[in-house]
């Protein structure tokens, strides 16, 4: 089995290296990841300057670009074969609810999917038990060998930050939602220039039973199928009726 791994925390992050160690038990692992932390990069591509790469070891490539750049480069240039799966992670922290819109980890999996390779994103809801998340991924990848992912779907997996033996199982979930994050943190640099930091994410808003938030609170692994098609299919008819009315004015 051939596995491509990427992330948004950077090639030297603990999560991706723990993941690579465990998945290497299943086959050949190649890491192509950002040269530094690119959290929050979403699906951005680098278009205003060329990408530079560096070989960090055997089958380990760092890229001075976004997670999407990394997977795009790996699949379209670096690898001379198609991997069996793209695994993005292990993210340092949750990707729950609308986090997925900003997540570079989810974006790396999305790019793999765009380019025709089955893909999953894995996040640890914390920063301690990366071994737990890695074992969860290993189990899922083994099962994917026997039964592939549903067509046109990406799996977004969030693992509670607890020892593997304490997990209560898994739950297929929908995305929950957070309250809007409105806080900005104002600061002043040593030269007296004003600067701003983005504040913390909003608190949970939609986090009831059936959501990814609820699952991890119950010490369950949350597995959320995602799709790339952003069309609001249930709104097509109503928007067409609205446009017909607008067109008469």
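For all residues, glycine too, the Cβ spot is worked out from N, Cα and C.
Sequence annotations record features per position, and here Swiss-Prot assigns divalent metal cation binding site to 8, 9, 39, 91 based on sequence analysis. A coil conformation is recorded for residue 8 (divalent metal cation binding site) in the three-state DSSP classification, outside any helix or strand.
Listed binding-site residues: 8, 9; maximum Cβ neighbour count within 10 Å falls on 8.
Cβ contacts within 10 Å of residue 91 (divalent metal cation binding site), excluding its own Cβ and spanning all protein chains shown: 30.
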